[in-house]
There are 6 protein chains.
Amino acid sequence: MRPDGRTADTMRTVELITGVSPYAEGSCLAKFGNTHVLCTASVEDNIPPWLKGSGKGWVTAEYGMLPRATHTRGRREAAAGKQSGRTQEIQRLIGRSLRAVVDLRALGERQITLDCDVIQADGGTRTAAITGAWVALKQAVNWLIEEDVLGNDPVYGQVAAISCGVISGEPRLDLCYEEDRVAEADANFVLTAEGGIVEIQATAEDKPIPEDAFGTLFTLAKTGVRELCDIQKSVV
Amino acid sequence: MRPDGRTADTMRTVELITGVSPYAEGSCLAKFGNTHVLCTASVEDNIPPWLKGSGKGWVTAEYGMLPRATHTRGRREAAAGKQSGRTQEIQRLIGRSLRAVVDLRALGERQITLDCDVIQADGGTRTAAITGAWVALKQAVNWLIEEDVLGNDPVYGQVAAISCGVISGEPRLDLCYEEDRVAEADANFVLTAEGGIVEIQATAEDKPIPEDAFGTLFTLAKTGVRELCDIQKSVV
Amino acid sequence: MRPDGRTADTMRTVELITGVSPYAEGSCLAKFGNTHVLCTASVEDNIPPWLKGSGKGWVTAEYGMLPRATHTRGRREAAAGKQSGRTQEIQRLIGRSLRAVVDLRALGERQITLDCDVIQADGGTRTAAITGAWVALKQAVNWLIEEDVLGNDPVYGQVAAISCGVISGEPRLDLCYEEDRVAEADANFVLTAEGGIVEIQATAEDKPIPEDAFGTLFTLAKTGVRELCDIQKSVV
Amino acid sequence: MRPDGRTADTMRTVELITGVSPYAEGSCLAKFGNTHVLCTASVEDNIPPWLKGSGKGWVTAEYGMLPRATHTRGRREAAAGKQSGRTQEIQRLIGRSLRAVVDLRALGERQITLDCDVIQADGGTRTAAITGAWVALKQAVNWLIEEDVLGNDPVYGQVAAISCGVISGEPRLDLCYEEDRVAEADANFVLTAEGGIVEIQATAEDKPIPEDAFGTLFTLAKTGVRELCDIQKSVV
Amino acid sequence: MRPDGRTADTMRTVELITGVSPYAEGSCLAKFGNTHVLCTASVEDNIPPWLKGSGKGWVTAEYGMLPRATHTRGRREAAAGKQSGRTQEIQRLIGRSLRAVVDLRALGERQITLDCDVIQADGGTRTAAITGAWVALKQAVNWLIEEDVLGNDPVYGQVAAISCGVISGEPRLDLCYEEDRVAEADANFVLTAEGGIVEIQATAEDKPIPEDAFGTLFTLAKTGVRELCDIQKSVV
Amino acid sequence: MRPDGRTADTMRTVELITGVSPYAEGSCLAKFGNTHVLCTASVEDNIPPWLKGSGKGWVTAEYGMLPRATHTRGRREAAAGKQSGRTQEIQRLIGRSLRAVVDLRALGERQITLDCDVIQADGGTRTAAITGAWVALKQAVNWLIEEDVLGNDPVYGQVAAISCGVISGEPRLDLCYEEDRVAEADANFVLTAEGGIVEIQATAEDKPIPEDAFGTLFTLAKTGVRELCDIQKSVV
């Protein structure tokens, strides 16, 4: 029995709320139960130096967490003077995941930055961030098309992400924090609407994961991502 | 005529929404028009080293702004590796303002940290932060009293803040961003419900402010703070 | 009775000694009793990036304190790897105060940096710094005029600053350190020779300041700044 | 045809050379073709603060690369003043991978740090690091047992790692740099000698990976890790 | 002919002015011509962690330069966020030089920090700093003896320093800045009153220094240091 | 009797092994007994800003030490977020020493960076680094000549370095770590093949060095450097 009464293959209630930022070119508040991540897409003309003159654009992400998004207060990274290894790992993951479905040449020499800020954290913040960031990105690109800046849509695929894990030997979909901290294994799947693999990160916390348990997690994730893609489609 | 049609002595619509954080001991989303600041109060047992053994507690604040809270994206301070001078100035101001109405000895050896994170910025973020932070602080202290950790309320005063400014020679209350960036003078008043001065910061942007203009700004501020105090009282 | 025998409305002996740096385009050692601040003005051709091509110049300030300027040794900021929030607050204040009386367009695309280094600290270092920095700035501009680099004087106003405070209910002018650390309220006034307000920062340390006490502090400050302006005028 | 003439399912020549450090409690120079990683294990009495008094120890890793380990010189991280996100990601991965086969309670309140320094880089540095670090760790633990510091071996499993990737649609084992930079997909597998999953990181570089391609990569990796485990066993 | 008319073996006018800081336990303004270095000695009870419980004290130094001490303004190290390699090299040199004549055990578990801040720089700042710092140190120790904190004088030797250099083949004593920047070779000698070597740093700037030229520089330095020691003795 | 049985005027076995890096334009593993320093030379087109357009090139060095190069593990500087003062001092010394024998104009507008990374440390790492770096530099320049990038050899001199020290009153050549940490005096000599002085750094650790002891150290060093120069010549 899960802490919130769900069955092993059920996700939490997911809401993808758009239009939450009055200024950003795209925005989405992604709610996976008590995990709330505010994703904004900012279109800028400056691109990384190594792309200058290449005719290609860039999609990147930054990730942050409000100090009291969690059960106990965490240190503010700006005050600490640096982003933690975990933060950097997550923002690199979000960026890679989105770039896997974007034609950077079709985007032209501009950059879209996805800011994913966790307002409340109850597990699965990085997968909620990817799922919401795709919506914000899509909105920003739609805006560029409406403004006649772009002729073709550079976003050629749809991507969403979900976490799974093994608790007391049981593979479960979409872990909340209470489950996450006791999981024997933890896996994040970033998949396309068609089931293509964008990124898999599976980690044994305590002891190695048997191959068949990994297979079950993968199956759960595919179901979850299909559902998430339907919700995404309904808002963009 | 002001950009949003207000008269010179009218504040924007103010909402102080409590209970917005499921984990913090106190929380308040302060909305001054399009300026939205999320304030949380976290009670912790550790205090600054110089207070160890003194029997006194501490109230402090941290301030941040989401990169796309503003019209154009700003740099994330955690990525930049440091807090700007402006950020440090503001969080020092918030902390001082709250401590001016708290009996630190009555608080005992514990610290309350007010995190003020700007979700949307349309001018006046520091004054909205102070106004909302007082609510979150009061809630946290009420919680400590309910939990029988504290016998007496260490918060002996009520404090709120508002910005004023001079635009084209006209003193105005509660500037929005469009006004703020063209103001000839800018003043932030932190006052108690009784009109006592907690902090005044008046700055000439372009040319010195005549003494009587300053007097008018002060009068506007006193009206504004009285209104804010009424709203605060209605939610705690 | 004040620690050094002054009456409440008397400043310490003030000396503004010019020509103390053999290399800087302007320099002034500002002595307010035992508070000694060395102010130098450096003219440079590089300006901040956002002013390139604007035809406007910039005036900025940096502030520092020798580690043993104070009664007990403080940490060297260069060794600590960053400037404290206090330092940044003060150097921003000095820069703003001077810019309020400078026509940046008349200055042309060049920058004048005021370095204010506290050699000895006995309270009121930021107001001594502003007062001395104005002298150094004026000297540097005079030098630019003599060198035929500038045709017109871009410094169209005269600015000086003084601190005031309330000790045991008594408003006093120009606090020394011993008074500063026990003051109930503390206010810094940056005013022009004509009494215009450039910056006011008033802070309640312990309990809110009544409005009339603030009025008394303002009156004291106006007298003090008038005196400082006379001394400034006698040396430039 | 691969750049160095290997078939798709062949690893480069692997050597695990022990005893390369005269001072470390364990050491291994892991050579995977032209990729050379020097791994040392250092036993220390100090443990992370959160483990003090827990009776448990810690295994952690640091990763670095000599500036000219690569074809063109990279910036020295110590001179840059921080470790890159990539470096932090890799050292977190190495640490997690090893901890998955260590009984931290059996280790007692001590820490073993694995320093993995890349002397030459030709692709697959993180997997060579994990493979070599396990050897160094095992040596250090053997030394602790010989010295009668430990009674039981806390390392209850054997772990090794290999990279795979898809180039022009062909799944290949153990990519060299020339392959790595053109791969459509890239996957790192950290597995136990028995085939249990410790960590999987699969990343689509350009377009999503079909599920069956992922399956082929996994099969290649299992063969590769089995071989690596045999080599490890032959040296400890 | 030297820029200021001196002969090759003549030092600039040297003044060691004591009592310049009202707060420090020892202080000396060392003037070597236009080079002015303010040296203060601060006695503190905290010592470096590795000396705790050893019964030994520590003598250390910090070095800084006001941004406009030089002909053109240099960057403030506190603003840059770190001390340059040159600064660290110099402060390590000052500390080592003083410790060479101090019995750290006789000092007891306390630390004396010498802050050497360059107010004006015209070459030879590090040697002026060492010469002045010894005076400040000696004063601080005398104060500890007068206060009955120490029974015996831990400073058992007298140390001073001077720079020499080769310009157009001519060995010269005590270079000024104009000479320093064109010198073919540059040497700093830290010697005791008895001629013992505390530190020698000789550097060829452009081409190797012949051994006999080095010998001449050494001879010049010995004369110079003897003179400096006489001046030191006259003020402590 | 020395720890390893050498006589006072005998160096450890020195090996200079070239061709150790497959990618660098020059490389040398310098072994002085158990001290092993890997030196690589990297030729790059970018030069420091202040040399742009000058027609002159630059030779610079960076120094690092693997954390477990030493008897007990040292902190990784990249993790600490900065290079220590010692590291900066050493890398500045290596760069200066090499530039003293290079015609920067003949090098043209390119930079050669010498990375000196200590793999094992048993005393004398900086002198081994200089000796090996000269070899790597020479190789890189030879490569530039072979590639017809340079017509003339800009390296017009040969430079090597050795440490000496006084232990229990006995001057000794080429100290190992065990000697270094108990030495009363420590001196590093960087000399040319012809005996010209490039750099001398002599330091009294505990009490001043008599002048004649310094003379003996210098004589030892000259013999040592002559030997090192012969070995260098045999490998380039």
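From the backbone N, Cα and C atoms, a Cβ is placed for every residue, glycine too.
Among the features that TrEMBL reports, domain 'Exoribonuclease phosphorolytic' is placed at E:11-140, E:158-223. Feature annotation from TrEMBL assigns phosphate binding site to E:Arg86, E:Gly124, E:Thr125, E:Arg126.
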Close in space, distant in sequence - E:Thr125 (phosphate binding site), Cβ under 8 Å, 6 or more apart: E:Thr35, E:Val37, E:Met65, E:Ile90, E:Val118
Helix, strand and coil counts within the domain 'Exoribonuclease phosphorolytic' (E:11-140) (DSSP): 42 helix, 41 strand, 47 coil
Winner by Cβ contact number (other Cβ atoms within 10 Å) across the binding-site residues E:Arg86, E:Arg126: E:Arg126
For the phosphate site built from E:Arg86, E:Gly124, E:Thr125, E:Arg126, further residues of that chain with CB within 8 A of the site's CB center: E:Tyr63, E:Ile90, E:Val118, E:Ala121, E:Gly123, E:Thr127, E:Ala128, E:Ala129, E:Ser163
Cβ packing number for E:Gly124 (phosphate binding site), 10 Å threshold: 28
Local confidence of the prediction over the domain 'Exoribonuclease phosphorolytic' (E:158-223), expressed as mean pLDDT: 95
Tally of DSSP helical, extended and coil residues in the domain 'Exoribonuclease phosphorolytic' (E:158-223): 17 helix, 30 strand, 19 coil
